[in-house]
Amino acid sequence: MLARIPTLLASALAVTSAFAYDDGRPNVDYDYDIEEDHLMPRSVIMMIPDGTGPNIWTLARNMMDPTHTKMLHIDPLLKGTVQTFSNTSYITDSAAAATSYATGFKTYDAAIGVDMEKKPLGTVLEAAKERGMVVGMVVTSRVTHATPASFAAHHEDRDAENDIADQYCANANLDFLLGGGKRHFSDACLAKLKAANYTMSYDKDDLAAYRKANEASGTLRLFGLYHKSHMSYEVDRIRGETKEPSLTEMTE
């Protein structure tokens, strides 16, 4: 499995570098300076709005600006489309699609980080960790759900979320993981996380306290479980009495 990892990471870094520093980049007023003598990116950030397509961006654009005179934050970025079929279906599922993103290999529907023979594939997060990078995920779904799981776990069945949680606890190879899905973590599993020096966070007050305590040191070893299942939609989070952090608060 590890034999495939360096190539995956090198490809990811090369693509990100090209996006960030190509002389043909869009003429956009960015909030940061690009230093030409630092061609290797410091960070690789991948955002996956699960299930989103051009129609969703069109809806968002119309909702935000009916006059069509302003752009969304994503509009200046380089975008493209991909063929999303899996090895077993013209219409992929999240597991096969995320495994393809995470490993570079297509597989069957429901596969979590494994190939057609159900053998583990090295993921880009595992590759980054091998390089000594800080790695983690912030999601609004269950952390054990197919899309995040395919980047940090290996299982033949996406529905085995208790097993996926057990893998997170046993491997403890992420520096941070924030999202929902607390119902899939047993007491024994949570004990393993604490033994692996994670700070456990269960609401936005915990998260704020952790940030305040660690912002000076720069340390990051955090596991946040903010809902028993998927986290609340933002409109419900704002209107309700939930103590879940927002996506913005989790990524700050």
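Along the chain as shown, residues are numbered 1 onward.
Cβ from N, Cα, C; glycine included.
TrEMBL does not curate its annotations; it predicts them automatically.
These figures come from a predicted structure and were not determined experimentally.
Straight from TrEMBL, the features:
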ACT_SITE  SER94  active site, phosphoserine intermediate
BINDING   ASP50, HIS145, THR147  Mg(2+) binding site
BINDING   ASP50  Zn(2+) binding site
SIGNAL    1-20  signal peptide
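Location within the structure of each feature annotated in TrEMBL.
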residue: ASP50; record: Mg(2+) binding site; Cβ within 10 Å: 14
residue: SER94; record: active site, phosphoserine intermediate; Cβ within 10 Å: 21
residue: HIS145; record: Mg(2+) binding site; Cβ within 10 Å: 25
residue: THR147; record: Mg(2+) binding site; Cβ within 10 Å: 23
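The residue listed as 'active site, phosphoserine intermediate' and THR147 (Mg(2+) binding site) are 6 Å apart (CA-CA, integer value).
In the three-state DSSP scheme, SER94 (active site, phosphoserine intermediate) is classed as helix. One way to see the shell of the Mg(2+) site is to take the Cβ centroid of ASP50, HIS145, THR147; the remaining same-chain residues with a Cβ within 8 Å of it are ILE48, SER94, ALA98, VAL139, SER141, ALA146, PRO148. Mapped onto three states, the DSSP output places HIS145 (Mg(2+) binding site) in coil.
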